[in-house]
Amino acid sequence: MTSRRWFHPNITGVEAENLLLTRGVDGSFLARPSKSNPGDFTLSVRRTGAVTHIKIQNTGDYYDLYGGEKFATLAELVQYYMEHHGQLKEKNGDVIELKYPLNCADPTSERWFHGHLSGREAEKLLTEKGKHGSFLVRESQSHPGDFVLSVRTGDDKGESNDGKSKVTHVMIHCQDLKYDVGGGEKFDSLTDLVEHYKKNPMVETLGTVLQLKQPLNTTRINAAEIESRVRELSKLAETTDKVKQGFWEEFETLQQQECKLLYSRKEGQRQENKNKNRYKNILPFDHTRVVLHDGDPNEPVSDYINANIIMPEFETKCNNSKPKKSYIATQGCLQNTVNDFWRMVFQENSRVIVMTTKEVERGKSKCVKYWPDEYSLKEYGVMRVRNVKESAAHDYTLRELKLSKVGQGNTERTVWQYHFRTWPDHGVPSDPGGVLDFLEEVHHKQESISDAGPVVVHCSAGIGRTGTFIVIDILIDIIREKGVDCDIDVPKTIQMVRSQRSGMVQTEAQYRFIYMAVQHYIETLQRRIEEEQKSKRKGHEYTNIKYSLSDQTSGDQSPLPPCTPTPTCPEMREDSARVYENVGLMQQQKSFR
């Protein structure tokens, strides 16, 4: 269980239904405190456009669903039913599936809020990336609904004067929508609390001053709240250097991680392959390059093309989900690589090609024409391509091509080329809507072909626009699968793609455009969901559960005691003994500045 952000501490059943219907998809779920039985909980699950509510009892000894399996923690119960599909059923036998956690909204859009992060993970982050005075705020895993301020207190060499841990954790209590650190002033928001203690540092009982000098920012974001993150990233810096603000800072941090991705590119550097590279230093990584298998055995380099396979690597809880969409990122064809391009398309069974450049831009060749004229047929080495039809849309041209191998009869495959024509020669499009409509069409076409191989994406070098299109598409696929309330991480996604082809997403403008495109997609999706929900009925009342387990012995049905222990996430058990600073005993000290 990597997160328990599915726990919503302050919502009613009606609010849960509204959240699941407007933000979730079928299979989305959340847990919340029971309003009818204080101390108990309720599991709310979206199924076929409606919401089912399931009661969870806490006897003081264990958690269960009024019968069936028993668990030590709420997190273990949820994890069990997520991983064991078919175990949770209604009386009529219908299966209730927990697929996608619907995350609780972040309490702040500030980038120092990291959401779900364990104490150890916070210490690792602050130790590796922070310095003296670096801080972050995270959710408390041992006390759902509360938060923790983690501060690096050691010097920049990683050691504090008295040998204590170089990271201090301070519990932030949240009650009645007010925040405090266990005594003293209460604040209306986490931001107000942090700003106060930045100006008025806390002092530990042993005298260590907790100075909040610089935030350690996160790049993770709840997709539904991307507008707030974009607003934060768009703020000008507080210094006189007005250029170095959020987007620049995030992109520059990403650029500094390039040294971690220096994989070998020996095949592209071979003398025999140099004329197959459009740009002599933009070469494919060896470990992900597309290797052509049907070349001339007398020509040892006939297996080379400047192209890499891109495999998205994001979690999925759905054990029976279909394989994820993959991509081939490649350069624009040269005159001497067109034959190899079609060999690759045929070998990989690619059915969709995305071209994001014009043939010539600013007087320079970006990609030679690798397809025949409309209604024409042309042979490219051992491959034969027939252009059946071309149709023009607002921003792109769609070409229906028939691909076959010479000498293999009339067996043809349909390949669809989507040629995006309106990317400006300089910068990025001013409106992401055209790109999103284009990618939506590409997505539907790829989904409609059951055995389709990777989507081939190219521009000129095969890294800038190509990387931008692929990253946007990957992020949108995550949102499609998990709903608008899932977590996304733009820099992490780019880093993942860059680990498979170097230099993907080239400029800060392209980086910013990715955020703008995802924001536009979310806003459009939310409007559509809201319109759909206006005509739908509300969710069901509580359902009776039937278990498919062989052991269906009922648990103790005694009334719940008025006070029940706070559930603890299983991965935090070893951390439960960690001593939080008793900030009620801390003294406030005026700023040293």
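Note: Cβ is positioned from N, Cα and C throughout, glycine not excepted.
Annotated features, as they stand in Swiss-Prot:
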- Asp425, Cys459, Ser460, Ala461, Gly462, Ile463, Gly464, Arg465, Gln506: substrate binding site (BINDING)
- 548-557: compositional bias 'Polar residues' (COMPBIAS)
- 559-568: compositional bias 'Pro residues' (COMPBIAS)
- 6-102: domain 'SH2 1' (DOMAIN)
- 247-521: domain 'Tyrosine-protein phosphatase' (DOMAIN)
- 548-575: region 'Disordered' (REGION)
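Across the domain 'Tyrosine-protein phosphatase' (247-521), mean pLDDT in this model comes to 92.
Around Ser460 (substrate binding site), the C-beta neighbours below 8 angstroms that are at least 6 residues distant in the chain are Arg278, Gln331, Gly332, Thr357, Glu361, Lys366, Cys367. Under DSSP, the residues of the domain 'SH2 1' (6-102) split into helix, strand and coil as follows: 21 helix, 34 strand, 42 coil. Residues listed for substrate, Asp425, Cys459, Ser460, Ala461, Gly462, Ile463, Gly464, Arg465, Gln506, cover a largest CA to CA span of 16 Å.
Counting other C-beta atoms within 10 Å of each candidate's C-beta, the binding-site residues Gly462, Gly464 are led by Gly462.
Its own atom aside, the Cβ of Asp425 (substrate binding site) has 11 Cβ atoms within 10 angstroms in the protein chains shown. Taking a C-beta cut-off of under 8 Å and a sequence gap of six or more, Gln506 (substrate binding site) has these contacts in its own chain: Ile463, Gly464, Gly467.
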